[in-house]
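Chemist: Handing you this structure, nothing more for now.
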Amino acid sequence: MIVATTKPQSAIDIEQSITPFIMALAYIALVFTMLTPVLSWITVLAVCVVIVRGSFYFRDQQPQIALRTVNLLAILAAITLGWFSLSLGLLLTMVNLLVMACAFKLLRITRRKDLTQLFASLLFLTGCGFIFEQGLLHTSIYVSITLVLLCSLITIHAPHMSKRGAIKYTGIQLLQAMPIAVLLFLVLPKLPPLWQMPTAQGAKTGLSDTVTPGDIAELSQSSELAFRAIFSTELPRNNQRYWRAMTLEQFDGKTWTRSPTRRQITRQYRQLGRSFTPVYEGEFWDYQVIAEPSHQTWLFALDVASPSANSEFGVNLGFEYQVYASRPVVSTMSYTVESYYNMSLDQTLQTVDSRVNLQIPSNGNPKTVEWVAGLVAQTDGPSDFIDAIQRYFLEQEFSYTLRPQPMPKNPVDEFLFNQQAGFCVHYASALAYALRLANIPARLVTGYQGGEIQSDAVISVYQYDAHAWVEAWLDDRGWVRIDPTAWVSPDRIDFGLEQAMREEGSFLADSPLSLARLKNIAAFNQLRLWFANLDYQWSKWVLGFNNQQQKDILRQIFGELTTAKLSVIGLSLVALIALLLGLYILPMMRNRSLNPLANEYRKSVELVEASFAIKRATLGPEDFLQRVADSADNASTAVFAQITEAYIKSEYQPSPAQFEGIKQLQQLRRLLRKTLKKNR
Amino acid sequence: MNNAIAPVIAELDQTIIGKSAQNRLAVCCLLSHGHLLIEDLPGMGKTTLSHALATLFGLDYARIQFTSDLLPADMLGANIFDVQKQQFTFHPGPIFSQVVLADEINRASPKTQSALLEAMEEQQVSLDGQTHELPEPFFVIATQNPLHQAGTYPLPESQLDRFLMRITLGYPDWQAEKQMLQNDNDEPLKSMITAQQLSDWQGQIETIHVADAVLEYILRLVSFSRESGEYANPLSPRASRAILRASKAWAWMENRDYVIPEDVQHVFAAVAEHRLRSPGSDSDLSFQLSESLLAAVDPIAA
């Protein structure tokens, strides 16, 4: 039990006490975890405010900041934010507003009330943090921040407590709250999200829906997780793991994009209510994919995918064999796929696919056009043509590099005849273009290739596994995957990017601190795998805990479930928790007085107050008796006079016999109750 | 009402008509060894009240009219060279009286004000290395014009604190003023009790029982003033002692040998208001800080 202090605290005391400083530190930590959603000028504001707070704490006799100044600044900042809000959207504006408001609150803290308000706002802000990040790392950061905030609350109410004591006390309380939180997490129904995140974050890493090989001087690499796949059948080999994300069918000589014709066709099909339903046959891999938020609709699957519906999202198969979600993936999402790996991709309309995929830009890359024309004349049929190109790539000593030269003009010519070095996109783009020139329908597929085997059944795919390859329509076989990168750099496909880049040393050169770079050191690799595994377990069991899993768990415990049974379980558990907490807290609330005598008197007062609709407020006992006499009947007044007399006698007169006083008051209260009833 | 003090108060009520509450507070202040500050406009009966108090209690009385050029020596007295005895002899000033009326105290310069306040606190006057005891009982009634009037030096908080109570008289109501005009007799007041009796009563007041519940009530009041942050000048420990002393005297006047919360409530405004209010602030007397404090703290143990 903490005994609240009675130490007087003036405004200056509160300004310079440690509490606002601790809160400021927690605040800045919070802001730094939310650098992406928070506007940069608000971040700067937050840093400045924390510095001001620090100067209040470390240097005495600072003049207070006038309320008027703070208000003026706040109004100006709010107007600025209002201007930015047009492009930010509602949710981000509100988060930014909250961060800003906390900053201004921190500038001037003169009363305890300010501190408690700030505490509540910061707690809310911590909750907002989970909108953007739910990973294990961020969760532990947010839990620590909450711990710090609670400790700061202790420093307000019990400044005499040592810091270690405060941390221990809050820690124990948090641990006590844990079982309740776990129970509620398991039992309470999982509601669907109340709002949709209106933000797009596609610019950050990973794939994008346009590919311009010539403009990329250096492929940005990131060791962030893209998705995980958990297999219930055997694992595919590394060179089978081509995770399709997007199929790009429009080429303008430089850039590959999704084909507008294809979009139009898809839209027409959707209006007709027709979806692509190939006939599946043969062996398949069965696996669950847990995708990290990409803020895009595309998903990842091996060919030929047969996605099954997810309870929250619709997961569909497009006519380009790509899997996509009905809404952007804004939080970790899981879906199940069966991939029939022996099937041919020949179930779409050839006429449509050929029309879309024979499109070529009207000019540019003249050397390539000439070269392909020559090659077509020399060769016999599509397969022969492809072999001829493969021979060309191998004979000309093309090399695989992550640091190609930029090729802004006629990129295919430049790549094929001058540079002869590039990464997957260069090869895929050049090949697809060449195939189209030779009147073979071809398209660019982007996605991920490979992935790291986490444990027996789990493959983790990271952003640096991003890859691009080519599909060509061969009349007898349908769409056939051709990966020119594999011709040039077989290591890339068989062992992954890291092996392929060993000599160049450019693997994850952008992120020197990434643990993935230290794979060669056994201990680090172990650590990295262990952490990845932990993160996987977290996203599987905590973030991915949805209605279905909840039902499964409850079914294991309680047997077959009906809606009624579910709600009874939920309600009774909540009631049980409330009851236990009530049993713990109520005695403390009831025992509001350390003085049993005053308590007895108070009970009688409450009786009288209820009967005659009067309030004692802060009247003393004699004055209140006068008050009662004014409004009550004589009999009740007489009894209450006795009560008042007995109370005054025991409480205020010399050498009172307290115990007897309580007895007497109890008897008189019974009498009072009777009298009141009789006179009702 | 205590039988001993009742006639005195009745007589006082005859002199200052219609100001029963203030009369009682003034007597209470005298009984609890405190000094009294009366703040009001000129002509409201400040001087009459203090004169009547002195006369009724049989105390000798001096009046010092404070002006801006009044010097400490004018009030305390001075050592004057006696030509016949060839030595300095002390000529006591008007302050050597049992009841001193310091009229319009805020018109004097701060130097003179502090000389008076020092004498009030120490019950003695030090002059040229010699200490002169002031008479017993020693009771200062200071009157003060409202601060907005011209030519005033407001008493600082630290000096206001020395006065046990501050009361304001205010205009009398219609009936009271009519009655005052009707019996406009100049019949002088007669002394009703002796200094010895006063001293006895003060001794009785010392023995009044104060229960823990009352002490805690006073503590809750003062600590609320410190912690709520609504009061510019929270109550000091000296203030809590003053509240206790005045409450005991009030209980004695009510003919009780123990203090109840109502006693505290009766004296609280007079004892605490001038300590809570900062003198620089606008003296809007319609809003009583002490009342808001009383309304916020429950006298029954929390």
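Just so it is clear, glycine is given a Cβ too, placed from its N, Cα and C backbone atoms.
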Chemist: Quick check on the annotations: TrEMBL lists transmembrane segment for one of A:43-60, A:115-132, A:457-474. Which range is it?
Modeler: A:115-132
Chemist: Among A:138-157, A:298-317, A:518-537, indicate the range for which TrEMBL gives the feature transmembrane segment.
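Modeler: It is A:138-157 that TrEMBL annotates as transmembrane segment.
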Chemist: For the domain 'Transglutaminase-like' (A:416-486), jot down how many residues DSSP puts in helix, in strand and in coil.
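Modeler: So the domain 'Transglutaminase-like' (A:416-486) is made up of 24 helix, 31 strand, 16 coil.
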Chemist: Where else in the chain does the transmembrane segment (A:12-32) make close Cβ contacts, counting only residues six or more beyond its ends and a cut-off under 8 Å?
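Modeler: Here the qualifying positions are 38, 43, 46-47, 49-50, 53-54, 56-57, 60, 62, 64, 99, 102-103, 106, 109-112, 114-115, 118-119, 122, 125-126, 129, 141, 145, 148-149, 151-152, 155-156, 159.
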Chemist: Give residue numbers and ranges for long-range contacts of the transmembrane segment (A:169-188): same chain, 6 or more residues beyond its ends, CB-CB under 8 A.
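Modeler: For the transmembrane segment (A:169-188), the far contacts come to 2, 143, 146-147, 150-151, 154, 161, 545, 550, 553-554, 569-570, 573-574, 577.
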